Amino acid sequence: MYKILLADDERIILDGMAGIIEWESLGASLIGKAQNGHEAYEKIVHKQPHIVITDVKMPGMDGLELIKKVSAVSPSVQFIVLSGFGEFEYAKEAMKYGVKHYLLKPCNEQQIISSLEEIIAELKRQDVHKKKTAHLKHELDHIRSFAADQYLEGLIAGVAQLSPPPSLAGKKIRLLILKGEQSIDAAAREALGSALTAVCSSGEWTVLAVEENAAEKVAEVFADRKMAISQAGELRHAGQLFRDTAEASGDLHGSAVISKMIRLIADELGNPNLSLKWAAKDMLFMNPDYLGKLFKQETGEKFSQYVTRVRLEHAMKQMKIRRDVSVSEIAEEIGFGDNPKYFSLVFKKYTGLTPSEFRRKQGGASAG
């Protein structure tokens with residue numbers, strides 16, 4: 001049903017048009033009436049009619065002002081303009097805004113119906129065209145998606161390809177590698193949207209190519225799946241990205257990942273930003289929740305507990321052999337930043353002694 005709105009300051013004309021025309025037989029419905037331009041505009045904005053039949057002369061805001069204002073916000077709205085004799089200048093002005101139907105008062109029922117039929121026929125043609133265009137776009141997207149999937153599969157399998165599909169040439173991506181041949185459901189595809197470039201299966205893995213800046217979105221969508229994410233690179237290098245990531249991740253839940261995390265902790269011990277989230281997102285490109293569970297499973301400790309323990313054991317060692325170095329310097333070196341008081345609290349909780357007491361017990365002077 002096409003929605004119609006009437007606007008005329010003369011109540012008799014307004015009610016007459018509303019009652020005399022059989023709207024449903026035209027495939028239309030009358031959604032409202034207005035007696036001035038301001039009221040008509042408000043109803044157009046809120047009810048979104050397809051067609052507005054309006055008088056030219058109305059109080060407050062006339063028909064031409066109404067057409068101008070509506071054209072700026074809803075250019076698809078079609079108008080039928082009613083005017084009195086000798087108002088041709090109004091007609092010329094209305095035509096500038098695409099108005100094709102201009103009826104001279106007094107007009108009869110058939111004239112209005114004829115104008116409505118012409119507009120509705122045109123709207124139907126537009127609807128058919130939109131549907132055809134949407135269908136063709138869907139088909140084209142499907143073809144492009146299939147081509148992208150085939151291209152990715154060839155790269156992962158090591159099959160030489162002359163060139164990628166034109167839409168993917170030079171595209172930067174990350175590979176998301178999921179353990180197991182699991183299909184990507186419609187909800188996941190919809191959540192990733194345009195960030196999803198291609199999908200394929202390779203042995204025991206499902207591989208997705210996603211836009212390089214989509215790592216966070218991917219982690220959210222697949223939070224409950226065992227996965228690894230590659231470094232960023234061009235799609236044409238997907239084969240190497242896949243091999244590097246699969247090798248580094250082992251079976252995506254084995255000790256290879258944890259070994260990499262432990263090496264990372266040792267290398268970044270002095271980094272105050274060292275955290276599970278930072279390591280997962282910026283260094284390992286994996287889901288932090290999954291990585292945290294995996295770390296606890298493999299080591300028996302939470303990531304944060306492990307980091308604190310390693311830092312404190314390193315601090316104790318340094319306090320023994322570097323007796324001339326202050327506690328605050330050692331605290332900063334192992335990632336506690338410029339916060340020696342917090343270091344002292346953590347140190348005492350772990351050892352039962354303050355740093356000064358620990359040093360005295362070791363037989364060394366206390367450096368501040």
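Positions of Cβ are set from backbone N, Cα and C atoms, glycine also.
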DNA-binding region according to Swiss-Prot, located in which of 127-151, 227-251, 302-326, 327-351: 327-351
Of the residue ranges 168-189, 190-211, 278-299, the one that Swiss-Prot records as DNA-binding region: 278-299
For Asp55 (4-aspartylphosphate), the number of other Cβ atoms found within 10 Å of its own Cβ: 24
For the DNA-binding region (327-351), sequence-distant contacts whose Cβ falls under 8 Å of one of its Cβ atoms, 6 or more beyond its ends: 268-272, 274, 307-309, 311-312, 314-316, 318-319, 358-359, 367-368
